[in-house]
Amino acid sequence: MSIILGIDPGSRITGYGVIRQNGRHLQYLGSGCIRMSEKELPGRLKQIYAGVSEIITQFQPDVFAIEQVFMSKNADSALKLGQARGSAIVAAVNADLPVYEYAARLIKQAVTGTGAADKAQVQHMVMTMLKLPARPQADAADGLGVAICHANTNKTLIALAGKATGARRGRYR
């Protein structure tokens, strides 16, 4: 049994989802968004770090999973997203959590069955898979999707005993 924290990073809104995996069973523990009120990027990065640290303290996860940066036509946006990811990863590393990274297409495929799913499809499937009473906010659903992807990939990793799956794992120290 493990508690998985999934993060959908963003420089303005960072979504998170926390689930408990017990074998094949997934249980919803919490989700939400860290909304940045600071106007300047350094202040927003500090808010991401503090917010993720608070979530880690509250839920005590065993594992941290985060979406990888995808290539964007706007280089500035991709750089800001990378910095937001870095702030969240540092919070996980400071808590001695193993960090796993997943591509957006892999996350969508794990949740919906197709890597080309839109946000509404991800929201609907997350709601269905976790038996939620209502559709979660889009960024929170994406955070839950990252956690679900890790839970499914982790089962596959165990089954394949370390063969390549497209997931990256690391302990950043």
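Yeah, the Cβs are placed from backbone N, Cα and C, and that goes for glycine too.
Other Cβ atoms within 10 Å of the Cβ of ASP139 (Mg(2+) 1 binding site) number 23 in total over all chains. Per Swiss-Prot, Mg(2+) 1 binding site is recorded for ASP8, ASP139, and the stated evidence type is sequence analysis.
The feature active site is assigned by Swiss-Prot to ASP8 (among others), with sequence analysis given as support. Sequence-distant neighbours of ASP8 (Mg(2+) 1 binding site) (same chain, six or more apart, CB under 8 Å from its CB) are THR14, GLY15, TYR16, GLU67, ASP139, ASP142, GLY143, GLY145, VAL146, listed in sequence order.
For GLU67 (Mg(2+) 2 binding site), other Cβ atoms within 10 Å of its Cβ number 25. Residues or ranges marked as Mg(2+) 2 binding site in Swiss-Prot: GLU67.
Here Swiss-Prot flags GLU67 (among others) as active site, drawing on sequence analysis.
Here Swiss-Prot flags ASP139 (among others) as active site.
Under the DSSP three-state reduction, ASP139 (Mg(2+) 1 binding site) is assigned to helix.
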